[in-house]
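S.K.: Got a structure here, written out as structure tokens. Questions coming.
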Amino acid sequence: MTQHFIVIGNPIAHSKSPEIHTLFGAHAGLDICYQCQYCPDDPASFTAVIEAFFHGGGVGANVTVPFKQVAYECCAARGGLSEHAKIAGAVNTLSLNQALLASGVSRAEALYGDNTDGQGLVNHMQRLGWPLNGARIAIIGAGGAARGVVLPLIEAGIEALTIANRTLSKATELVNELSTASVVIHNQQIQTCCTADLSGDFDIIVNATSIGLSGETLPLADELNCQYAYDMMYGRELPFLQHFAARGAQTSDGYGMLIGQAALSFECWTGHAIDVTQATAALEKSSI
């Protein structure tokens, strides 16, 4: 029997998730169908689409921008959340709480949320050989994408973290939530600032906004420098990476992170572990 999966987002046409998960399914010997699902940018539409998908027999769903926080709220009121999702306040992987289903709860009310983004990012940076232990890191953005990666980066041993956002209050809100959850870096306060005010030298700067997908540029200060620049988006030329490459930084888009978080989601849904290095090589070969 075919198992059905989706990735829901807006925009979504650029997503490579169907290609990745189809490869995973073939490697695991499973018959799967994984499709992109566009959704209007409002919570009611997201909820309606997800409920219809799972009610119709769907097995699992990935969530991308701009719905990760909406997905969190949906799961918090229904089937529950993993610890990483709770701390992040964002969900990128939806499945069904099997215990609740067994108790007679409807599929729509058994939605369970996890967040594999952060571990996918950390795993990719480690495969690239980027030093995380003791690193000084800045994250641009304070939405669902940023929320998902903060805790895994801290767990990887970073030394200091600055969260920059166009609206300072949103960055401050994220830090306050992390403080409430007792997330600290060596008992140091996580710093915040407006994106335009972010300056100084960092080991790694991560763009966790989707602004590059539209070809727009971030308001980056001339005094902002790094050794490594990472954009969580992928699939096209990204101004953020071009900016730091011109300054001599090593750069990477988020395709490797996508593969890593996808492997964790796939294992959550099917129980099959994926060799990410092998899968990445196969995907790169197929795209030549």
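Glycine is no exception: its Cβ is also placed from the backbone N, Cα and C atoms.
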S.K.: Need a hand: Swiss-Prot gives S15, K16, S17, T64, N92, Y234 for shikimate, which of D117, D197, D201, D203 is also on that list?
M.R.: D117
S.K.: Do you know which of G60, G118, G254, G256 Swiss-Prot groups with E83, G141, A142, G143, G144, A145, N165, R166, T167, L168, S169, K170, M232 in the NADP(+) site?
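M.R.: Only hit among G60, G118, G254, G256 in Swiss-Prot's NADP(+) site, alongside E83, G141, A142, G143, G144, A145, N165, R166, T167, L168, S169, K170, M232: G254.
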S.K.: Distance between M232 (NADP(+) binding site) and K16 (shikimate binding site) at the Cα atoms, whole Å?
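M.R.: So the alpha carbons of M232 (NADP(+) binding site) and K16 (shikimate binding site) sit roughly 13 Å from each other.
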S.K.: Between the binding-site residues S17, T64, N92, N165, T167, whose Cβ has more other Cβ atoms within 10 Å than any of the rest?
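M.R.: Sorting the candidates by Cβ neighbours within 10 Å, the top entry is N92.
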S.K.: Spatially speaking, which of the binding-site residues S15, K16, S17, T64 is closest to A142 (NADP(+) binding site)? Use C-alpha to C-alpha, please.
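M.R.: Answer for the nearest of the binding-site residues: T64.
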